[in-house]
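Please read the structure below before turning to the comments.
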Amino acid sequence: MERKAQAMKDYMLKQPKAWLKSDHVKDFTDFILPKDIEEDGGYDSKEMLLEVEKNFIEAAKKNDVAGMKLLGRGVNVNAKNVNGRTALHYAVAFRNVEAVDMLLRRRAKLDLQDKEGLNMMHCAAMNNHTDIVAYIVDDLQIGELDKKDQYGNRPFALAAAHGCVRMLEMLMEESYNMATMEENEAGDTPLHLAAKNGQCEALQLLLNNFDIRNEVNQMGQTALHIATEMGKVDVVEMILKAGVDLEIRDRQNKTALGVAARGNMVIIVDMIIKAERYFRWKHNFQMTNTDAIESLHSESPLTFKLDHSPDTKPVRDIIWDLAYKHLKRNDWKKLAEYWEFTDDQVAAIEEQWTGPNSFQEHGNRMLLIWLHGILIEGSSPSKGLYEGLLSAGITKIAEKIRMEGSNADTRKCMVS
């Protein structure tokens with residue numbers, strides 16, 4: 001005890017200005033005055049964590065190696081606070097390489113886990129501290145840190161959850177070999193975690209390097225189910241473009257489309273229907289045009305989002321006018337049937353309620369979804385509208401479309 005008190009005194013004398021700060025004054029007061037046995041400030045007083053050990057941890061947080069050396073004479077470098085975290089946890093989390101080096105030279109234990117099961121490797125991975133990992137694994141040749149936390153997440157999974165792309169790339173290298181799509185306790189893969197947190201760059205990296213699009217967690221959810229439920233449009237777009245099984249149902253017997261419809265996620269409902277129709281068309285197209293499929297989107301990148309292109313505005317204006325001014329209540333369903341929309345797709349569109357005239361918006365959405373496919377096929381929208389209206393018995397409007405359509409024919413338009 002006397003040695004620790006002397007170390008504290010030496011540190012105060014060496015850096016008196018630093019100890020005039022209110023937090024340090026409080027620490028010093030607590031050190032010399034009796035304390036109640038209670039949890040305070042993240043430190044576990046029940047385990048009799050000494051003030052010198054608290055201040056040692058604080059110095060590690062600030063990369064104050066000089067202070068750590070003064071305080072460290074006789075200090076237990078593996079002392080834990082109330083959260084089970086040591087000085088090494090914080091030095092790694094705050095990217096304090098010098099403090100990490102000092103702690104490892106003092107034989108700080110590398111495999112100590114906090115109350116959430118996190119060791120130093122987890123802390124580095126979730127904070128994208130590649131330099132710390134390189135130092136640990138390369139310089140010290142320590143490769144036994146690829147452990148699970150209490151939720152079953154390995155460092156690679158935590159890096160994905162926090163969008164740490166550089167860390168993911170590093171752990172995928174052969175020299176590190178920590179890349180894994182292993183499920184955690186909830187059945188979530190790193191792809192699920194990246195999708196849940198909206199980490200688009202990490203998600204794209206995983207989609208590009210692993211065949212893990214259709215895995216389900218314990219709730220029967222794919223990454224698409226999760227992104228849909230949380231309304232993450234950009235994530236949904238990325239997963240749809242990667243190509244997924246859209247028929248998978250979760251434990252509530254819902255497809256991703258059903259989840260979107262139930263949650264009134266109108267934009268996502270339309271995106272998923274576009275994707276369903278696109279992949280069905282693409283499959284049929286590949287059967288007869290194997291050479292052409294490679295250049296299918298060379299001029300216009302594939303997207304399932306709303307079309308705001310000025311090139312398609314004329315035909316979109318015609319569609320809006322048709323849906324809101326001319327089609328009767330069930331006319332849009334007749335067109336949907338002619339264009340081979342499924343019952344589930346029609347039902348998903350109908351889930352939206354905007355008032356007594358909701359059918360107008362339903363028709364507009366269905367027509368825009370249909371237009372998305374027509375433009376990819378390279379067909380004429382005006383011709384398609386004319387034929388569809390005729391089939392539904394809406395001849396008067398069909399003739400009007402035929403007459404006006406030549407001015408708004410967008411067969412060369414690009415989807416954007």
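Counting starts with 1 at the first residue shown.
Any Cβ shown, glycine's included, is placed from N, Cα and C.
Summarising the annotation, TrEMBL assigns repeat 'ANK' to 83-115, 186-209, 219-251. What TrEMBL lists as domain 'Death' is 331-405.
Long-range Cβ contacts of the repeat 'ANK' (83-115) within its own chain (Cβ-Cβ under 8 Å, at least 6 residues beyond either end) map to 42, 56-57, 59-65, 68-69, 72, 77, 123-124, 127, 129, 131-132, 135-136, 140, 142, 144-145, 147, 149-150. With DSSP states grouped into helix (H, G, I), strand (E, B) and coil, the domain 'Death' (331-405) comes out at 58 helix, 0 strand, 17 coil. Taken through DSSP, the repeat 'ANK' (219-251) splits into 17 helix, 0 strand, 16 coil. Computed over the domain 'Death' (331-405), the whole-number mean pLDDT of the model equals 94.
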